[in-house]
């Protein structure tokens, strides 16, 4: 029955508090903790969903993590959404139609269970006299609760993070009454690193500028910031925040500005002071420090040998706090002991918070758990090999060549990156196209919407052409699936919106390698150069424009040159993307961003397309020692750089003039580092397939990728001005003063930004 006094005035604000029930535990004698503390009375707050069956054996115990509460779900029943809403409810992975789900508030917390604000034996609040707790203590109190509620057997005990530490104790102490213990992102014992992080958080609370060592709010904000950083992985933070400013700095230390990441930490710090007791923070973080299943049990192996129920251990691939290798260790030992155990891993860029953000994956893992019965646990080497399941939209040449590359480079990908890619499904809407066996054992689909809705795919690859895939890509991103695409038509029409959608859903729309056609030169730019030493970039970046201008130089018409490029499969479905300069502009801003570490919007790039170009000047330029090329140009200047994409006359025998057909070239003026030139082929399907692979690897290893976010440049680009141009003078071509709109500027006559100051 409920306690005569539930001490609700001591509770902190929580969602759906009116649903919370309390139970005063029957304690025939004081409850003694592991470290000798005593409780003469214990109250446990809890919520339940579903009905306990007559056999009293259909219960599921959900153990919440550090700062959450009893309200794990409830949105389906008209209540506020819970912290694990997508996991628990009718027809969900933890099904309230068939299960009686219990979520108790941890002892020591501040949402209804006995905690530091409750009265001690003398009637005064416990405060810092509150008994020291361990996960084992909390588990034993939960065991008393479950028994007092009349539960005979638990179908599952499910705990993420700190809840997983307690779930380990359930498996060891009371496994005989549990059908399955599910441990999510929790180690067998905490490490010095984890203990150190908790110490920092507690000191942030205990030491404050006000001198109040208990209820310090500013200190608690700092503590929460340390915790939030430990819950997220660098790759996810980069994708979510980059180096973007929330408030730009002024000129003094006082007005030093605020990055978005700092604003996010401040926001969560303010929230925690309004909803979580600092004394509870101290109590429960110390309980986590004391987590060690081997304590007084003869070691890890002896402790796990006491497990009497099947265990499902779930790690998170990018978790920096409780690494997947630590979770895997428990499964590995249980397997060696011939205990029924299964290991699974959530693939996520979100770090420890993956158990909150990747509920689709976790739901699938729970539904597909093949316990009881021992399942093969991957070896340490196998676990560290990241298995990535791919879904491909479009079964064309790029997809086929990507499949070949994945096969031929599988060993290299394994050894260098710890990745193993598996093409799990391919969707092709063209009913006339035969799929055959080009994609191994992949499931072949005619309905692409089925592919993007699958929960077992880690990455969606859009290898189609045109913008017909926009809705599919949008759905994939909305479902928090990263997307890789080299589809320039799609990106031209919808790129900005889709990138925003990806950012909002915490995933990546990766295309930078692909749009750059996999140039080897990309990976060279920032290695030999400091980012502040680059004076200029000059580049030929469009194979299509190369072929067209080469054909025109040899006497063909512009249309004939375009047809030659099309026959060589060097054009986009809409050739205007190449001819207009859009393709070169995109590549140029990627190069600038990676070289300088800032991004210029494409709207600041001065662009002139190939249409209206006088073919006579293209044909006559070689006689003057020149060649007309579509050039991407960046030149640094104190008043703002010159950034331009346009046809220019360049030396016939220079690096730029020598780039023909599908060859691209980048010339970098590195100041004191000298001039460097990089060459590569682009536009053909093998480089594009290789570039797609580069973006794939970059999803899991961002240092290998050009996909990334850069802060906007503060300076504005200025237009390019030239002293001379290639002009038509009667029946001859000649070099004259620039100014004629029909002329073609001579690159070497560029008026450098420094010359214009």
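The backbone N, Cα and C atoms fix where each Cβ goes, and this holds for glycine too.
TrEMBL lists 79-200 with the feature domain 'AB hydrolase-1'. Annotation comment: TrEMBL describes 161 as active site, nucleophile. Residues or ranges marked as substrate binding site by TrEMBL: 224, 353. Here TrEMBL flags 319, 352 as active site. Here TrEMBL flags 394-511 as domain 'Aspartate/homoserine dehydrogenase NAD-binding'. The domain 'Homoserine dehydrogenase catalytic' annotation in TrEMBL covers 520-697.
This view paints the features noted in TrEMBL onto the structure.
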residue: 161; record: active site, nucleophile; Cβ contacts under 8 Å, 6 or more apart: 65, 66, 184, 185, 186, 322, 352, 355
residue: 224; record: substrate binding site; Cβ contacts under 8 Å, 6 or more apart: 201, 265, 268, 269, 271, 272
residue: 319; record: active site; Cβ contacts under 8 Å, 6 or more apart: 185, 233, 351, 352, 354
residue: 353; record: substrate binding site; Cβ contacts under 8 Å, 6 or more apart: 231, 232
Determine how many residues of the domain 'AB hydrolase-1' (79-200) DSSP places in helix, in strand and in coil.
41 helix, 24 strand, 57 coil
Among all the protein chains here, how many other CB atoms are within 10 A of the CB of residue 352 (active site)?
24
DSSP secondary structure for residue 352 (active site), reduced to helix/strand/coil, please.
helix
Based on DSSP, tally up the residues of the domain 'Aspartate/homoserine dehydrogenase NAD-binding' (394-511) by helix, strand and coil.
51 helix, 20 strand, 47 coil
Averaging the per-residue pLDDT over the domain 'Homoserine dehydrogenase catalytic' (520-697), what integer do you get?
83
Based on DSSP, name the secondary structure state of residue 224 (substrate binding site): helix, strand or coil.
helix
